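Worksheet: one structure, shown below.
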Amino acid sequence: MEVEDDSRAPPSAPGSTPMPFPLPPPHAAVLRARQSSVARPDSDSDREGSAPLPPSSSEYEVSEESLIARERQEKAVQELLMKRRAYAMAVPTNDSAVRARLRRLGEPVTLFGEREMERRDRLRSIMVRLEAEGQLDRLLRAHDDEQAAAAAAASVEDEDGAPQEYPFYTEGSKELLEARVSIAKYSIARAAARLDRARRRRDDPDEDVCAEIEYVLKQAKEFVLECSEIGDDRPLSGCSFSQDRSLLATSAWSGVAKIWSMPHVSKVATLKGHTERATDVVFSPVENCLATASADRTAKLWNADGSLLTSFNGHLDRLARVAFHPSGKYLGTASFDKTWRLWDINTGSELLLQEGHSRSVYGITFHPDGSLAASCGLDALARVWDLRTGRSILAFEGHVKPVLSVSFSPDGYHLATGSEDNTCRIWNLRKRKCEFVIPAHSHLISQVKYEPQEGYFLATASFDTKAMIWSSRDVKPIKTLAGHEAKVTGLDISPDGQQIVTVAHDRTIKLWSSKTNDKEKAMDID
């Protein structure tokens, strides 16, 4: 008795043609073939009754798009492997060594417009390519040549007794050498006189330094507004007393500097010559002349009667501050071209172009002895330079924003800096560190200045419309000079320390004097 197979398809209706099963698409067939190849039947009856396997995947034609995608993937994998091999390969970091290896490999030493890092990357790619092409002998030969050259150079150094030194500086002119010698002689005499005076005051029993400090600070507490005058049609940017305190100079955004007679602040002369706004003005410490700085990238030397003496050209960007050397022979200028320069005022020639700041240089000043110069800039650094050797001997870091002003103390070993971070810092040159941080104002500090005789007090000007006086001994606030209606841009202290002048964006000049000094004058007259 035969048993009918239930898995057969049902018979078709009478009178109708049998319908075949629909053929699956190719991808479905491939899928079934893979499934059938994976799922092997266990019984012999299943092997005998199974349908024949469909053709293998190798018999199917691969489309052109699939070939392109496969090639792209293989190329990306090869590039990734090449990059990994390149980063793992040792490549010289010195540019001269990179050039030497390129020359030994027979490649161009440099390409047009190629920089050091680009040249090093090109060498790396060449070495990876040679390794991939199996040309390791060229790489090994180049490496052996480099080692032989290094050994030869070492033997030459041993024969000479000292390694070969290469200059890391720019050779200066003969005029600069003469200026350095002159500055050294001047500063040695000044430093010796300052130290002798300090020793006498220390050893003299009649000298009471504490009482003298208290007296000076008492005078500073009694500073009052004595005079206010409109200085220009545009905001004022700087001011300076003459050495005998008989004249006052101011600079303004109009490009005009003016000279005023003291103490009544009446105009004496107008200095016209700059084509852009004037940024600073300063009187010479020994002669009756003054210098101005401007945004037209020039500094000019004037006579007290208003006649132009010399123009200093050379900066590549606008000037900020300007300062005279204590000897009166040299002029320092700070510029936004990231340099400060030293000029000979007699010949008008540029003696020194000093780099060192990573951003614009804003302020410059000279040590009372004349041996050092200090510069500050928008890189939040204050640098101290030795004018006798040209070296940067100190770099003071601490401000978190641009430093806009710098001033040496008459004691010779303190330096004050004012910054956009609203603080004034006092640095000790001997200890090479910051001694005091003064949260002086609620806005940026535009200028700081020590009292020029003994440095017993310090004055700061700020964009918060105020100027303040601080004790140098314990940095306590002594007096607030409030009277301006806009940003205070500059100040100066008279050589005898009895007067302070401030200028601001409100276009006014304000003169502050001590009441104690006025009382003493009245007593002397009586």
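Using the three backbone atoms N, Cα and C, a Cβ is placed for every residue, glycine included.
As the structure is a computational prediction, the values presented were derived from the model and not from experiment.
Over in TrEMBL, the protein carries these features:
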COMPBIAS  11-27  compositional bias 'Pro residues'
DOMAIN    93-148  domain 'Pre-mRNA processing factor 4 (PRP4)-like'
REGION    1-67  region 'Disordered'
REPEAT    271-303  repeat 'WD'
REPEAT    312-353  repeat 'WD'
REPEAT    354-395  repeat 'WD'
REPEAT    396-437  repeat 'WD'
REPEAT    438-480  repeat 'WD'
REPEAT    481-522  repeat 'WD'
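Same-chain residues lying 6+ beyond the ends of the repeat 'WD' (438-480) with a Cβ under 8 Å from its Cβ atoms: 212-213, 216-217, 220-223, 401, 404-411, 414, 416-426, 486-497, 500, 502, 504. The predicted model assigns the repeat 'WD' (438-480) a mean pLDDT of 93.
Of the recorded ranges 312-353, 396-437, 481-522, the repeat 'WD' (271-303) has the largest number of C-beta contacts under 8 angstroms with 312-353.
Packing against the repeat 'WD' (396-437) from elsewhere in the chain are residues 191, 194, 321, 359, 362-369, 372, 374-384, 443-455, 458, 460, 462, 470, 472, 475: each is 6 or more residues past its ends and has a CB under 8 Å from a CB in it. Away from its own ends, the repeat 'WD' (312-353) comes close to residues 172-173, 175-176, 179, 182-183, 186, 190, 238, 276, 279-287, 289, 291-301, 359-370, 373, 375, 377, 387, 390, 405 of its chain (Cβ-Cβ under 8 Å, at least six residues beyond either end). Within the chain carrying the repeat 'WD' (481-522), a Cβ under 8 angstroms from the stretch's Cβ atoms is held by residues 216, 218-220, 222-241, 243-245, 248, 250, 252, 260, 262-263, 265, 280, 443, 446-447, 449-453, 456-457, 459, 461-469, all 6 or more beyond its ends.
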